[in-house]
Every structure is written in C-alpha cells, then in structure tokens.
C-alpha cells in the first residue's frame, strides 16, 4: 500500500512536523497511514480533509485565543457558522443516501472544532430532518428540501418543563377540528411548556412538536409528531399564539440556544401531522397501518433512537480529542528518571499507561460500534420510508431502541470519566483553559442527560431483555433479533454452567476471553434480575414498585453489561476479519483485548459473586493482562493518536500539537493570551533568542 495518496496538489496524509514526538512515531509497530486508510477509507479521508481545510481557511471560523464572547455574540456566531456549513454543501441529500457514514463523519468534524456547532447542525439536519423524513410521508418531502436550503430552521420539541424521560406524561395536546380540518396545538399550563429544546431559543422557525392527538369524541391516541411553525423565517418574530424564548446560560455548549415554547390554541393544517404511524381523515377518524399498538410503538421508537445514536458519536469525538491531547502531552512531558541526570517521558510509567491507554482503546472500540449502530438505524429508517410494516421491521425498531438506550450512557459516561482522567494526567497544564480539556468536559456533560437521563434509559434496555426472557419462559420462544445481539441467549442454561479457566496472562491477551466472560455475565444478571423481579411481585409489590426495586443492583448492571458485550463483540469481529492487513492485526487485536478486559474488570465483584471467578488467581490474571496490554501498546500510542487526531487548528490545544513542542507551544500561547509577546524583547532571555519569538508568532 502506498504511504501517501495524492489528492490535488497535497498529500492526503502528509507527514507530521519533526519534533519531540519523532521517537515514539519511529517505535510504532505499524504505519499510522495504513491504519487510517483501513479504518476510514480513502474517500472518507478526503471528505474529512475537505471539511477541515475549509474551516481553517475561512475567516468566519478563525480562532480567537483569549477572546471571551458574550452569550449573545457566541450564539449569533454559531448560527452564522452553521449557515456557512450548509453553504459549503459538504454533504448533499443524495450523498447521505449513497454514503450514510458521511453523516456522523461530518458531525464529528464539526464537533471537533466546536461541539455547539455540531449540536446545532445535527439538531436541524439530522434530528429535525430525520423526524420529518422517517415519521412523515410524501406530503412532507418539500420540508426536506427547505431544511437543506436553510429556508427553515428546525428543532425537535418533545420534553416539557415538568416531564422529560416520562414521555407518556407529556401534556401538550393536539385536538382535531373537522370543521376547519385543523389541529389545535395547546399547552394547558406553564408546566407543559416545551423546554430544553436545542435551536428553539433564538433561531428555530419550525419545530417537530410531540403532542397527544385527540379526535372528536374525546378519543386520544397518544403522542404524535406535528410540524409547527414557531417563528417568521424573515423576522424571527414568534408566530401568533406562540410564546418562545431562550432558557439562558448553561454549564457548557453555550453556542447552542436551548429554548422553551408555549402554545395557546395554535391552529395548524391537518397535513401538519407527520402521519407515518397514524393519520386523521378530514372527517376526524383516526387511522393507522399498524393495528398492533406494540408494533406501532416499536416503529415509532426510531425518531427517539436517532438522537441517542447521534449522541454516542458526539461523546466519542470529545474522548478522541481528550485522549489525543493527553497522550501527546505524556509522550513529551519528562519527569524523574532512573538517575538524577535523566528524565523520562511520563508515558513510560505504568501508572500513566494504565490511566490513559484503556481510554484510547475505548475510542477505537466505541467509534466502530457507533458507526455500525448508525448503519443499523439507517436500515430501520429506510424500511420506514419504504412502508415496511413487517414484524421484523418493528422488532428491529425495538432492538435498536434497546441498544441506543444503553450505548448513550456507556459512551457519555466513558467519555466523562476519560476526559477527567486525561485532565488529571496532564497535571496543572491540563487545568489551563487554553488546553481545552475543561471545555471538552463541560461540553460532554449534557450528553449524560440529553435525550434521556442515563440511568433511566438503562431501564429501557433491561426491560427489553426481561421481556425476551419472559416470552421464552412462557411460550418457549427462541432468542432471536434482527441484529443478532441477543441470539447468544439461546444457549442461556449452558452458558451459566461455564467457569473462567484461563490460568496465565498470556492466554488472557485476547478479546475472545472477555467475550466468553461477558456472555456469562449477561446471562447471570438476566437470570438474577428476572428472579428478583418475580420475588418482589410475590412479596406483594406492584409491577411499578418491583421494577424500581430491581434497578440498582440488577437492571442497571444488566443493561450496561449487555451493551458492553455488544461493543466488544462487534469490535472483536471487526479486527479479526480476513481483510485486516497483516501488519495491523497485532495492534488492532491488542486494542480489542484491552478495551474488552478493562471493561470486564469493572465487573470483577459480580464475576466472583456469581461463581464465574473463583480464587485469587482469576482476578490477578485479569489485572495483569490489562497492565501487560497497556505496556505492549505504549510504543504505539502516539501513532494510534495520529490516526484519530484532527489538524492542530481544529484540536486547538497547545499541549496537544502534532509537532510535540510542548513547552514552546504552551509558552507562546501564554504570551499571546497575556498580550506581552510584543513587549518581550527587553527581557534578556528573549533578546538573545529572537528567532524563538519569530517562530512562536508564525505558529500562532
């Protein structure tokens, strides 16, 4: 394979500038360019390069070190940048259908620059647009064109001031008036105000509003989505009957205008109902192609899943940036050594490896899972668009809902913990705002609660698994799902008889070992949760009480173990496929094993409690295997970061620059931010080293 692929006048994968990171790059066991091409493909790399180059060369996206923008200015600038992204037309509607993975790739590129920009673009084009496309019909296709021309700007209005996760308690209503063939959208009181809606605060002109659909005779048919105009696109003034505004400054992502809206008997045409799952005739009769309410609910979960799948990608991009910054820092920061005269990079210390390298492995595993889950979602939405009303289609919706409901917590929590570890691993320099780790931490934080609180979402996944087991116990049904994520449960009794039999660290350095343990763990937790639930009910607890009493020690770990198993399984299969170049098999195998064993090690107590582990050796082997894999990956760490890190302009962290000139870059950034660079010539140290100042100015 060629080391570079020419694209126009410049190399697609140019060499990095020479510097202190050269030593680690030279020790890598593989070519970072080969891994980039294998992981992304040439077309995707060109796509990302086009985006990054456009941002770097456009004055609208110029970085302003030390500039503290007001909230209003930041949101105005973010909207203008979002508008410019549509003007660049990086991704047409046709390209989305032809190469769907370019959608999350574009979101990640924008998010690496600024997560507020990614969120704004995503909410308009993917969440709002996807809801219109997947929940609407042919009569709504004109909206899709307007979305991508930015003739309208959208938001997704589900949650209310007093209700978020409990969507069944949403109180906004849509009463149908057959005399005028209109729906009347109404907020009964302020607690029913739509709240926390991204893009609604300042810029959205239209909203997909979820409301209880009611027809004459007081017959209500549950939540349905409606397209409602909330502002005039030319003036941005509220439409009659709509009270809309911004909810104010947040802990992070302040370029995104989260807002509220109340509706006072706002009339919209009958055609405003997104009618894929149900419709109302002109006379006021409710009709649905889905006679089975459960099947209709399963299909409707697609619009909720799309937001959660997108958040997985948003979380991972934050972890990519944090890991890139922390590992480049660790490879150049020297502290202590075997002698007083010799200091070694902190990456050489096993403690630093143990703190950071599992998160590097997590980036690779979760990124692959995120892409594969996105493609599963695309399959679901294409089925919806083609009118597929099969039982498989409905079951696919339920399975994706279960996976999305658990993968959002896994990705956002892993990133939350990982960014904090990266911040601390960079010492005091990690606390400096210009190095960006604090911003990443704050911008990732809402991913833990957007589109549903993580702990509550996990109940969706455990309920899905418990329902499958109950069906099997009562009807003898096989465990089968469209994506095969639960098919292993068919061997449920036999798996529970298995024990951990690995006795040496060498035999443990394979993700297959963790896979076997995870399958046992999920079976064990499923059995224990099912038994606990039935025990609670036999003791007189209501179904509501019984399920609540099962969450902390049973349902929650069950859902997390299940999604971790799915991530490990998919990444294991990916790195062991025949098409993996021989030169990449070792490093990818180590990444897969490290993520799997590190994740499994968090469940050590459960593995002992259930009897899969016994004696001291099992736990010691697991711990030693994690440390051994960290040591094996240490020399590859910088090259692995080079594959996932964006250009320096986008990464925007002096201590994480690709040249590895840690102290020069940090010192120069500090001087520029403190406005003393021009006055530094009087200082003796600089007066004899003016080329350094010139170099710093040219870089900054």
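Placement of Cβ uses the backbone N, Cα and C atoms for every residue, glycine included.
Feature annotation from TrEMBL assigns domain 'Acyl-CoA oxidase/dehydrogenase middle' to 155-264. Residues or ranges marked as FAD binding site by TrEMBL: 159, 198. The domain 'Acyl-CoA oxidase C-alpha1' annotation in TrEMBL covers 302-466. Taken from TrEMBL, the feature active site, proton acceptor applies to 451. TrEMBL lists 511-687 with the feature domain 'Acyl-CoA oxidase C-terminal'.
Remark: secondary structure over the domain 'Acyl-CoA oxidase/dehydrogenase middle' (155-264) totals 6 helix, 53 strand, 51 coil, with classes taken from DSSP. Between residue 451 (active site, proton acceptor) and residue 159 (FAD binding site), the C-alpha separation comes to 9 Å. Around residue 198 (FAD binding site), the C-beta neighbours below 8 angstroms that are at least 6 residues distant in the chain are 119, 120, 123, 155, 156, 256, 257, 258. Of the listed recorded positions, namely 159, 451, the sparsest CB environment within 10 A is found at 159.
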